[in-house]
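Just below is one structure, and these are the notes that go with it.
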Amino acid sequence: DPQKPIYFNGKYHYYYLYNRGYPKGNGTEWRHYVSDDLVHWTDEGVAIPKYTNPDGDIWTGSVVVDKENTAGFGKNALVAIVTQPSAKDKKQEQYLWYSTDKGKSFKFYSGNPVMPNPGTDDFRDPKVIWDDQDNKWVMVMAEGSKIGFYESDNLKDWHYTSGFFPEQTGMVECPDLYMMRASDGTNKWVLGASANGKPWGKPNTYAYWTGSFDGKEFKADQTEAQWLDYGFDWYGGVTFEDSKSTDPLEKRYALAWMNNWDYANNTPTMKNGFNGTDSVIREIRLKEQDGTYSLVSQPIEALEQLTVSTDEIEDQDVNGSKTLSITGDTYQLDTDLSWSELKNAGVRLRESEDQKRHIDVGIFAEDGYAYVNRAATNQPDKSNTYVESKAPYDV
């Protein structure tokens, strides 16, 4: 899982769950990377190691900059609240770690756990934000099929305020809460979570709801979740502020774990000696259309600095199919598709010389969806359940 990046001392700091002993060993810890541009990253090593206290390994949580020293560890200390299984009965509880060396290492708080388990199996993935209106910390927590809301003045003492009970999302993990300014100028709160919508024909990715938040309770504009990603490999997603922007509500950034629990240990990279990849960072904005507010996203512009050459193709009229003389291992394709009678219009990418390996991307106009089909790749799902992802599109 990625942990929500923070901007501190002129750099983005990014922590993620790392298991140095995989697949023979077990247990995760927090590894630390820094970046100036969200494209190039420098490895700073493990910041919160596992098994250094009687409780279990380090799971997902979040880290904040305590600008006003509310926790008492010093002004601008970094404070992380993470889930660990307790030493006594392996129940999921929340533990506080703090850093006074700019995030390079963290110390275990002597008063842990700051949130003992209330008697539930699922009690994890705390996401902490600062509430400017009420001058307090707010936390959202994954609690099975529920998202719990909590508040604190000092990051140590937490009090339950409300619960949000989504429909047709199954077990939720890695909740998210933030405000955005929509395209029509309206400010909206967004509550997100990685959810499991497969039983209802929905994705297993990042579900979200727009609505209002009064500091204690979130009220959704509509009960049905929307989805930021319709693919198969965008789970454990986090969003974070564009800290360099003069208007931080205008857009956010997002990234996620590129995997799926149904085949998490069967990825193609296993033959290369590792398993686990996080996505490129995307930019997200909130768009209003016909009274509904929805997140839209695209890869960040900073990726364009990696471009070393550009090819432009003139307009092509196609009746059937046509092969273009463009090759490459890594590229960005920008194209406009228009059609008159075709039911299926698209492009075939990364085709091998024998034409047996390729990825198909296109629009099935008759049924109103865009698709990505990876059947002819070394895709990890041997059940062929996760072969073609479909997403609605605006005409």
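A Cβ is built for glycine as well, from the same backbone N, Cα and C atoms used for every other residue.
Residues or ranges marked as active site in Swiss-Prot (evidence: sequence analysis): Asp1. Around the Cβ of Asp1 (active site), 21 further Cβ atoms fall within 10 Å across all displayed protein chains.
According to Swiss-Prot, the substrate binding site annotation covers Trp59, Thr60, Arg124, Asp125, Glu173, Trp261. Applying an 8 A CB threshold to same-chain residues 6+ apart, the list for Trp59 (substrate binding site) reads Asp1, Leu17, Thr28, Val82, Thr83, Gln84, Pro85, Gln92, Arg124, Asp125.
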| query | Whose Cβ, among the binding-site residues Thr60, Asp125, has more other Cβ atoms within 10 Å than any of the rest? | reply | Asp125
| said: So if I measure Cβ to Cβ from Glu173 (substrate binding site) and keep only same-chain residues at least 6 apart in sequence, which ones fall under 8 Å? | reply: Thr60, Arg124, Asp125, Ala142, Ala193, Ser194, Ala195, Tyr235, Gly236
| query | Quick one: what's DSSP say for Trp59 (substrate binding site), helix, strand or coil? | reply | coil
| note | Arg124 (substrate binding site), Cβ-centred 10 Å count of other Cβ atoms over all protein chains shown, is 24
| query | For substrate, what surrounds Trp59, Thr60, Arg124, Asp125, Glu173, Trp261 with a Cβ no more than 8 Å from their Cβ centroid? | reply | Asp1, Thr83, Ala142, Cys174, Gly236
| Cβ atoms near Trp261 (substrate binding site) (within 10 Å, other residues, all chains) | 12
| field | Annotated substrate contacts Trp59, Thr60, Arg124, Asp125, Glu173, Trp261, maximal Cα-Cα distance (Å, integer) | value | 17
